[in-house]
Amino acid sequence: MSSSTEQEKKNAAREAVKLIRDHQVVGLGTGSTAVLAIHEIGERVRQGLVIQGVPTSNSTAALARELSIPLVDINSVAHIDITIDGADEFTKELHLIKGGGGALLREKIVAVKTLQEVIIADASKYVERLGRFRLPVEVIPFASGYVLHELEKLNGKGEVRGAPFVTDEGNYIIDVDFKTIEDPVRLSARLKNITGVVEHGLFTGLAERVLMGTGDKVQVFLKQNSTFTA
Ligand SMILES: O=C(CO)[C@H](O)[C@H](O)COP(=O)(O)O
């Protein structure tokens, strides 16, 4: 990764962490960009910020503990105030592909319980239409052959990730090439309809904003289809 990409991620992460307020329940994302935000949150906690974190993966939970960020069980909170997470792709409509790091299931559960889902990304993640990045689909291992076959009927060419890669919830990931995804909302519903699919990495209508590092600036994309520089 180039040092400018790393800097764009850091700038987006820093800007996002400024949105966190005392006494909030904070969803902690997964992936290299989220890691930068978690370090920033750790620093603010060290300086006295009082929050409770809800991690989206075992690796994020381990990092949060290392940084002394207090954690809370997701099932003991009514909602999560703000979540900061990464994405593999996003559009200006704030449709996302997530799951490159294999944590999409917990990430989506955290996102649906979150009031303000904030996505942080470097400029390479912005796309006109989703689909350059293969869509991760989390499946029950027993169903993986059947799901691969069903995906073909949707013109998706799938491949089981890794040898195989096993998620925190004990499932497999199928990475699916759909070429360009013209209608993510429709595809999302069709994928959820396949028996054996637990969840997929299309996030539609969940992000409140995307903070994208671009050069030395941070561009903000809002749900209402507006954009400004932070
Ligand atoms: O969805 C994810 C993990 O499941 C990540 O947020 C996504 O893969 C982006 O990762 P990175 O910040 O390393 O590019």
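If you go along the chain as it appears here, the first residue is 1 and each next one adds 1.
Using the three backbone atoms N, Cα and C, a Cβ is placed for every residue, glycine included.
Record features, source TrEMBL:
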ACT_SITE  Glu107  active site, proton acceptor
BINDING   Thr30, Gly31, Ser32, Thr33, Asp85, Gly86, Ala87, Asp88, Lys98, Gly99, Gly100, Gly101, Lys125  substrate binding site
By a 10 A CB contact count over all chains shown, which of the binding-site residues listed here is most packed: Thr30, Ser32?
Thr30
Mind giving me a neighbour count for Asp85 (substrate binding site)? Other Cβ atoms within 10 Å of its Cβ, every protein chain shown.
31
Roughly how many Å lie between the Cα atoms of Lys98 (substrate binding site) and Glu107 (active site, proton acceptor), rounded to a whole value?
8
From the binding-site residues listed here (Thr30, Gly100, Lys125), select those whose CB sits under 6 A from an atom of ligand 1.
Thr30, Gly100
For the residue listed as 'active site, proton acceptor', find which of the binding-site residues Thr30, Ser32, Asp85, Lys125 come within 10 Å, Cα to Cα.
Thr30, Asp85
State the three-class DSSP label for Thr30 (substrate binding site), counting H, G and I as helix, E and B as strand, and everything else as coil.
coil
Using Cβ-Cβ distances, find the residues under 8 Å from Lys125 (substrate binding site) that belong to the same chain and are at least 6 apart in sequence, listing them in sequence order.
Ala87, Asp88, Glu89, Phe90, Met212
Please report the three-state DSSP label of Lys98 (substrate binding site).
coil
Non-site residues, in chain order, whose CB comes within 8 A of the mean position of the CB atoms of Thr30, Gly31, Ser32, Thr33, Asp85, Gly86, Ala87, Asp88, Lys98, Gly99, Gly100, Gly101, Lys125 at substrate:
Gly29, Ala34
With Cβ-Cβ distance below 8 Å and at least 6 positions apart along the chain, what are the contacts of Gly100 (substrate binding site)? List them in sequence order.
Gly31, Asp88, Phe133, Pro136, Gly201
